[in-house]
Amino acid sequence: MTSILARYRQQLRNTLGDWFPRTTLFLKGEQAPSGQKKVQPTKARKRQAEPRVSVKAANSEQSIIQATPAIPSPAGIYGPALTIKRSQEQRMKVRVEQAVAQGIIQPPSPEQWKMILARAPATRIFAGAGSGKTTTLVLRVVFMLCHLDIPREQLTVISFTKASCEELRAQLKRVLAFWEAPLDDEAARELVRTFHSALAQLARTELRATQWFEQLSSQSKGDDEPDNGMLAGASLNEAQRQLLIQAYEQCYREDAGFRRRVHLLLELAPPNEEEPPGAPPLQPFVLNGERQPQPLPDLFYGQASFAETLGLRVGSIKSSQLECSTRDRIFLEAMQQFWRHFGKLLREQRLITFNTAFAVLTDRLEKKPSRALIARLQPFTHLLIDEFQDISPQIALWLRQVQRRLAEEQVAPSLMAIGDDWQSIYGWRGSSPELFIHFDRWFPGQTPSQTLMLGTNYRSSPDIVADGERILTQVRHKQPKKTQASRAADDQGHGVKVVPQFDIARQLAALLNEIEAQRTYAAERERPERCAVMVMSRLNAPLKAINEQLGRQPGVRTCTIHRAKGLQAEVAIVLDDGQPQQPHPLRNALYATSGHFQQSYDDAMADEALRLSYVAVTRGVSRVLWYTRQPRGAAAILAG
């Protein structure tokens, strides 16, 4: 009952904040509107100081920030608008015209120009699928560097993956060369980073760990540019699993309470405490909400990491206050015991997780950071962040504290967040589109942020764009907006054609023939796409079956829908049965106790399943085929 009431209160606060943002911020004590005095918070509402974190404890459970709701502190981070002269805008437009004439770039649309020349210190860009955001982002960086004379050392562009960073760097180098501001490889790597690479830049000097746990393998050892942690941590390799098992064995050997809980979870006889503990049981365990049985060490790591991405401190979660079953509560308590041993083992081996580093650095910046640390924040003065809809509360807390600290040092930070809540697909890893939808709550300014729309789809046909929006009609929590296709209707193309009663085990040969037919169609187009046919699935198994028979075919690509994000093909083929997400009681409880969200985890995942389908459909340029055993979810919407 307590958590239900707390969640209701949080939802009420969030709703009031959305409808009356200035009044809400004023009542919290933010800079009041002109002519009014600032309201001071009462002592009863004063935030309690959190414990200081030492370098020695960097990997310990105690180093994680407290599990408090994400209510921004009153003072706005972002101040007055950027100073931009009309002459600077005019010179930019003239140079862009010259670049277009030389074939360097495509001419920006009016809505893209608004993003390129934006003046607000905090700007939110809703960039829909196929809206040309990458080129627009490149031109925004060029404008800031070459016309506003912002030092390159004060600007960082953050993209989602190493691959997308490499694409951005290549475009920036080519365009900046035309502006006679050449960018070498090293400077490009410093300018464009993943979140985890930007974190590593600070952690390398601030934390004494020598290697990331997420990169613990012979292939990635010494990698100076960590990829996105959501991708790096998607599956465990043997080196990581062995370390988890080692922590599990230590915990089982040293902690009688842990042994009892493990035996309860696995439905084993109680351990005999009169004899030395033997080897811990490693048989798979079925956690409610997970698709597959897994060994307990793997499950502990996955669920604890998820909790940390929500900004929670694993050891501070009060299991007795969570709304979950006794079985899930026992699992959580065992997980907390395991997490202490795992953190100790990491410290002994000079390892650290991304989650710990984000939390420790956030905490240090909130307290009294060293002058050296403050100096290293200079590259984060002006931030341009792509795929903002896929960041987690933990990253948002770190990001906000970085720019708040800069503002407290009398530096005027700026933030341009580019994303699309319709394409948020990493909730199962802790991200949420709510951070983007409720942007001003997480990143408050002295005035509301500016919101811009890139709503023209330059990729897909009108039929595909319309079908994509049909899928989203049943998404409950989203930013209402309308997109339009730039391409004309195509007689040879079509929207989404749903092919029901498909069984890949019996009909693989027919599917391969269809792929070949679509490849021929794509090759005969007036302007053939680089990728003719893209075959996508949520799961790897059907893709593996196709690859084994198809081999490498020019113009044909197979990938998971998550990996397809940002890509396109003349013909998109989707293999998905639309299996509903299983309820996940433990994650529902963690969602509620974090205080960040208006939705439950289950509701968020139901929305995400539809958004993932939207991402898949909008990879297609002129045709989309959807193969399914039985139309459910998005396929049912499109087949109806």
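Placement of Cβ uses the backbone N, Cα and C atoms for every residue, glycine included.
Database features, via TrEMBL:
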{"type": "REGION", "residues": "30-50", "note": "region 'Disordered'"}
{"type": "DOMAIN", "residues": "106-461", "note": "domain 'UvrD-like helicase ATP-binding'"}
{"type": "BINDING", "residues": "A127, G128, A129, G130, S131, G132, K133, T134", "note": "ATP binding site"}
Requested in this report: Around the recorded ATP site, report the further residues of that chain (criterion: Cβ within 8 Å of the mean position of the Cβ atoms of A127, G128, A129, G130, S131, G132, K133, T134; site residues excluded), sequence-ordered.
Outcome: D420, L454, N457, Y458, R459
**Report entry** CB within-chain contacts under 8 A for S131 (ATP binding site), separation at least 6
**Finding:** L454, G455, T456, N457, Y458, T483
Report task. Could you tell me which three-state DSSP class S131 (ATP binding site) falls into? Result -> coil
**Report entry** Average model confidence [pLDDT] within the domain 'UvrD-like helicase ATP-binding' (106-461)
**Finding:** 94
Query raised in the report: So for G130 (ATP binding site), how many other CB atoms are inside 10 Å of its CB?
Result: 24
Requested in this report: Around the Cβ of K133 (ATP binding site), how many other Cβ atoms lie within 10 Å? Please give the count over every shown protein chain.
Outcome: 23
Requested in this report: Please report the number of other Cβ atoms within 10 Å of the Cβ of G128 (ATP binding site).
Outcome: 25
**Report entry** Fewest other Cβ within 10 angstroms of its own Cβ, chosen from the binding-site residues A127, A129, G132, T134
**Finding:** T134
